[in-house]
């Protein structure tokens with residue numbers, strides 16, 4: 001059988017692509033080296049932020065607004081346990097923060113619902129938060145967080161119900177191109193398709209070593225909290241920049257545990273074996289202490305944590321482009337630790353590619369040619 005589309009990597013983007021392409025009537029094969037959702041990539045750990053006024057640049061705003069529409073649609077499949085939680089997101093940092101300047105600019109350009117607070121205003125609204133006098137907060141009322149593993153599980157189930165073929169726990173070892181399409185080699189044999197999507201995440205260079213993607217080991221952890229830090233008490237998800245420039249992110253507490261991670265830093269790795277479990281690197285358990293001590297002093301001890309990986313591009317912007325010399329193969333990689341919120345729209349973009357549809361978005365900033 002020759003498929004219309006083969007998807008290599010069925011984590012966040014691949015799971016979405018599998019669903020949207022199958023729903024569009026294509027004959028699709030989803031593949032993954034493991035059984036998604038799993039612990040081997042970048043999508044585990046229960047939750048991911050979704051921010052609309054984007055500190056990484058306004059080129060992302062049209063994408064994230066469409067992503068939000070798709071997340072809302074997906075959440076309707078799980079109304080008892082919604083995939084998207086509109087907790088709001090407070091972005092904290094010095095008044096001269098470049099990141100916050102981008103957030104404010106994005107909000108202004110796209111007329112987003114963002115409220116600016118000074119230090120006293122922040123602490124009055126959320127007494128659990130402490131910030132210096134020179135800090136401001138930009139509160140995104142309509143943003144919140146996503147249940148990442150539930151989202152992937154839901155997409156995979158919906159794709160299967162729609163007739164998608166799924167080959168999991170079966171690594172792809174080779175991609176070949178000819179005039180007739182794309183062939184992949186797996187332990188289960190060869191499979192052919194007219195087109196392919198490569199969204200293999202951290203270890204995409206095992207298949208395409210020429211790509212400018214660097215795996216980085218990252219950690220996040222859950223700390224002892226109480227009901228003051230919960231969604232029920234209107235405690236928001238957050239990003240926070242310390243005076244030294246370190247960037248943190250976190251979520252409202254659930255079951256008396258508040259999850260937090262540090263966005264910058266981490267350990268450059270070159271193989272899956274180097275992504276050692278949480279606590280095997282000395283700094284893992286204390287990485288969030290500077291933020292907690294200064295901004296959330298009421299949070300208690302570290303309860304547990306996890307390690308994941310970022311697939312970083314050189315400029316930490318996404319790579320969304322066809323493989324050089326092979327227009328039938330789309331790459332979606334280099335998501336650099338801020339990609340999950342876009343998984344829905346990136347999956348839709350992949351499905352449009354498979355149908356020979358022109359994308360509704362300007363993807364020029366994400367082309368591979370910018371690194372030449």
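Glycine is treated like the rest: Cβ placed from N, Cα and C.
The FAD binding site annotation in Swiss-Prot covers 4-34 and is backed by sequence analysis. The annotation S-8alpha-FAD cysteine is assigned in Swiss-Prot to 308.
With every protein chain in view, the residue among the binding-site residues 8, 16, 24 whose Cβ has the most Cβ partners within 10 Å turns out to be 16. Secondary structure at residue 16 (FAD binding site), taken from DSSP and collapsed to helix, strand or coil, is helix.
The two recorded residues, residue 12 (FAD binding site) and residue 308 (S-8alpha-FAD cysteine), show a Cα separation of 14 Å. On a Cα basis, the residue listed as 'S-8alpha-FAD cysteine' lies 19 Å away from residue 8 (FAD binding site). Of all the recorded positions listed here (28, 308), the one with the fewest other CB atoms within 10 A of its own CB is 308. For residue 32 (FAD binding site), the same-chain residues that are 6 or more apart in sequence and have a Cβ closer than 8 Å to its Cβ are 9, 10, 11, 14, 38, 167, 168, 169, 170. Ranked by how many other Cβ atoms sit within 10 Å of their Cβ, the binding-site residues 4, 12, 20 place 4 at the bottom. Each residue contributes its Cα atom, and for residue 308 (S-8alpha-FAD cysteine) and residue 28 (FAD binding site) those atoms are 28 Å apart.
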